[in-house]
Amino acid sequence: MSAAEKKPASKAPAGKAPRDTMKSADKKRGKNRKETYSSYIYKVLKQVHPDTGISNQAMRILNSFVNDIFERIATEASKLAAYNKKSTISSREIQTAVRLILPGELAKHAVTEGTKSVTKYSSSAQ
């Protein structure tokens with residue numbers, strides 16, 4: 001065979017697996033998991049109203065609400081730590097952020113419950 005009669009080189013790079021086998025490897029990874037507060041919301045609902053259920057849409061709305069409040073508090077606490085030239089967010093920054101974000105009575109109750117929870121956690125950790 002002369003140089004003019006040789007077959008053109010294949011377009012696929014040597015050493016790489018064909019695409020269809022790579023797709024089957026992706027299938028083995030499993031589902032992408034979404035982390036939500038659904039189980040915790042459900043537990044609180046059952047503590048407050050044992051005979052009441054909740055729809056999927058209502059659960060999605062509450063989950064979105066919790067994520068939103070969490071993000072607001074974390075952002076505000078981060079700003080407070082930066083103002084005070086601290087690299088760590090402590091319970092004090094969280095408490096101040098809650099007071100700044102939540103209105104009136106709601107902030108007072110949130111701070112009280114938060115303090116109670118931190119105290120309970122600290123005493124059980126020892």
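Yeah, the Cβs are placed from backbone N, Cα and C, and that goes for glycine too.
Annotation source Swiss-Prot lists region 'Disordered' at 1-34.
Swiss-Prot lists Lys6 (among others) with the feature N6-acetyllysine, giving similarity to another entry as the kind of evidence.
What Swiss-Prot records for Lys6 (among others) is SUMO cross-link, and it gives similarity to another entry as the kind of evidence.
The N6-acetyllysine annotation in Swiss-Prot covers Lys7 (among others).
Feature annotation from Swiss-Prot assigns SUMO cross-link to Lys7 (among others).
Under the heading phosphoserine, Swiss-Prot lists Ser10, citing similarity to another entry as support.
Taken from Swiss-Prot, the feature N6-acetyllysine covers Lys11 (among others), and the record attributes it to similarity to another entry.
Feature annotation from Swiss-Prot assigns compositional bias 'Basic and acidic residues' to 17-27.
Marked as ubiquitin cross-link by Swiss-Prot on the basis of experimental evidence: Lys120. DSSP assigns Lys120 (ubiquitin cross-link) to a helix in the three-state reduction.
The Cβ of Lys120 (ubiquitin cross-link) has 10 neighbouring Cβ atoms from other residues within 10 Å, across all protein chains displayed.
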